Amino acid sequence: MKTIIYTLFLILASGIAGCGSPAVSNDSAASNGVMTLPEDGQGEEVYTLDGEWEFYWQRFVSPSEVFGSGTDALHVQTPSAWSDIQTKGGTLPDKGYGTYHLEMELPENLADDTAGIYIPEIATAYTLWVDQKVLAENGKPGVNRSSMEPEHHPQTAYFKPESDAIDLVLQVSEYYQRKSGWWDSFYIGSAEDIQSMRDYNISREVFLVVSLLVMGLYHFGIFVLRPSDRAPLFFGGLCLAVAVRTLLLGEVLFLRFFAGVPWEWMLKFEYWSSCLGIVCAMLFIYTQYKNDMNILIRNSFLTIFSLMALGILVTPALIFTEGMLYLQSAAVLGLVYINIVLWTALVRRRKGALAHTAATFILLVFVVNDTLHYNHVINTGETVSIGVFVYLFAQSFILASRFTSALTQSRQLSDRLEKANQTLEDKVERRTRKLSETNQELEDANHRLERMYRARQELMSNISHELGTPMTSIQGYIKGMLDGVVDRGDPTYLKLVYNKTLLLQKITDDLRELAKLESGGITYTFEERNMRDYVETIYFIYKEEIERKGISFTWEDHLPPERNGVVSIDPIRMEQVLSNLLLNARKFTPAGGTVTLVVQENESRDSIIIAVRDDGPGIEEEELPNVFKRFFRGGANVVKTEEGVGLGLAISAEIVRSHGGEVGVESRKGEGSLFYFLLPVSGIKSINHTEE
Ligand code: ADP
């Protein structure tokens, strides 16, 4: 994926470098101040004006005089600085003034049309005439420093040739900086081609500047958001420095945005941008490969460039441009050192070093390309700015991939943490559940224990209270016999005593059972039973016994036909309940009365109601709340012959409650009673008390 992106980017970069600009021809060169452009041009072509121009050193020759004063003219190779021009007396100095002259034979297509001329940066002021008319100016040339005004930036000019032969006269002066003359080519072509060449240069530079600014600002933004990582800060600084340099060089786009800035300050900015660029590059590389860079060497470079930046600030252009050589040498040394660091990082297999070196290699390819171009081996135009851009773009890509991998790592970590948390939560939840289950069990056991304890207490107090009466009777009878008040062995008394012991037996049995029921010491065996069938079976079991007393006994099934009323019950315990209710009804209903067993649903259809109705004496209203309490034996309606213990209903209520149901009674004195209980249709399946 990364390789594809790199390749695409290289294609884009080479596109920016090469196409869109008209073809440049430098087949013909000027010689002895005369240049003849070939006729066989293909149309869309511009020509360089490189070659030998006539040059009058330390003379401003006017266009009208130029033909008559040819004797003392030098023939100098262009483009070149004055210090490279050889004369009999050695090379020329960089400070001075002079006049260039070139006669040109134009091809037909140019002579007939409006022609354009691209004038490169010329140090440091000039006036250009074509056929004795001023065509372009930059600053004001003069014979000494005070009479000239420096300015140098490339420009284009257009003119209509009067014939196919034209005459260029160029007065130049330089007293303000190190370099003199010009070092890029002049170009001539049709106005259209020259314009499109310039447009192309401008758009290429705008593209580079905007891209670099965006990259720079983006990385500054990242730094602001995450100041602990300083790599984006230095990288952003590097992008910004290159952007400023691009603005100040080439077509000097800077002037379009900040028109009134003095020439000298623009030069200062240009030099500063170089210093800043190297400082940022050095620091950026340091953030990437801390262990591969010598901190002492790094600091030495930083000090040198800081001092240079200060020097540029406080000295005039004349001085600080002289220092250009030192700046360049220091920059080259700095770059060499950066490369050493990179190779070390590569050898030590540092992360990202390979990509970094590859990007540097690409930059090198562009540098070699430009060297070949300037030596006229190939003709591709200046591309190093593209190389720098490719390099920076690759760096920004490397940085971005570093961020992304950090992000991915943190995402993976947080995923793992989340998973671990989840597992932990699950574990905690499981443990908590288990703990609360154990707690619940403990609580239940406590409750059971407490209930058992209370049941025992109650049993003890009931026993002492309830057993008291029959025991006293038995004691009385036996004492009577012992005292001779009653005949010993009198069967009537003995039977009375015997009956009392039976009652005692029943009381203790019932009490024990109730205590067990209440304390949960009884095991229920639940099964699903159809209540219609179950109640019918009970009806037939007790039918004979009840009817024997002359009572009419019936059963009513009010369950809807489609419903069976399936309930979970312990059939034996449930029979105990029903038997108690039915036998009570039998006991309290006089002969000729009616007892009815009823089965039906409640209104919400979630419970089955089983009821026993009789038309016996009924129960006093105020006694109704006590009917199901232990040892309730009623008041007026107690059938004395069939003395009860008063525990049957309490036992029944307990059994029904253990089935998740509830008991109730409706009665009016003299109008019979209705004893009933409800059982939930869903049933109770999990009650399982252990027998003590
Ligand atoms: P016992 O074993 O003495 O019958 P129960 O707990 O079964 O005790 O009944 C308690 C009391 O409830 C009875 O003594 C009686 O006063 C009253 N009782 C129970 N069933 C009926 C009924 N069908 N009609 C009137 N009173 C009743």
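The backbone N, Cα and C atoms fix where each Cβ goes, and this holds for glycine too.
Residues or ranges marked as coiled coil by TrEMBL: 407-462.
Marked as domain 'Histidine kinase' by TrEMBL: 462-683.
Here TrEMBL flags 1-19 as signal peptide.
Residues or ranges marked as transmembrane segment by TrEMBL: 206-225 (among others). Same-chain residues lying 6+ beyond the ends of the transmembrane segment (206-225) with a Cβ under 8 Å from its Cβ atoms: 16, 232-233, 235-240, 242-243, 246-247, 253, 385-386, 389, 392-393, 396, 399, 403.
Taken from TrEMBL, the feature transmembrane segment applies to 232-259 (among others).
Residues or ranges marked as transmembrane segment in TrEMBL: 271-289 (among others). Proximity of distant same-chain residues to the transmembrane segment (271-289), defined by a Cβ-Cβ separation under 8 Å and at least 6 residues beyond the stretch ends, is recorded for 229-231, 234-235, 237-238, 240-242, 244-245, 248, 298, 301-302, 305-306, 308-309, 312-313, 320-321, 324, 327, 330-331, 334-335, 338, 341-342, 344-345, 350, 352-353, 356, 395.
Annotation comment: TrEMBL describes 301-319 (among others) as transmembrane segment.
Among the features that TrEMBL reports, transmembrane segment is placed at 325-346 (among others).
Under the heading transmembrane segment, TrEMBL lists 353-372 (among others).
Look at TrEMBL and you will find 384-403 (among others) tagged as transmembrane segment.
Of the ranges 232-259, 325-346, 353-372, the one with the most Cβ pairs under 8 Å to the transmembrane segment (301-319) is 325-346.
Averaged across the domain 'Histidine kinase' (462-683), the predicted model reaches a pLDDT of 87.
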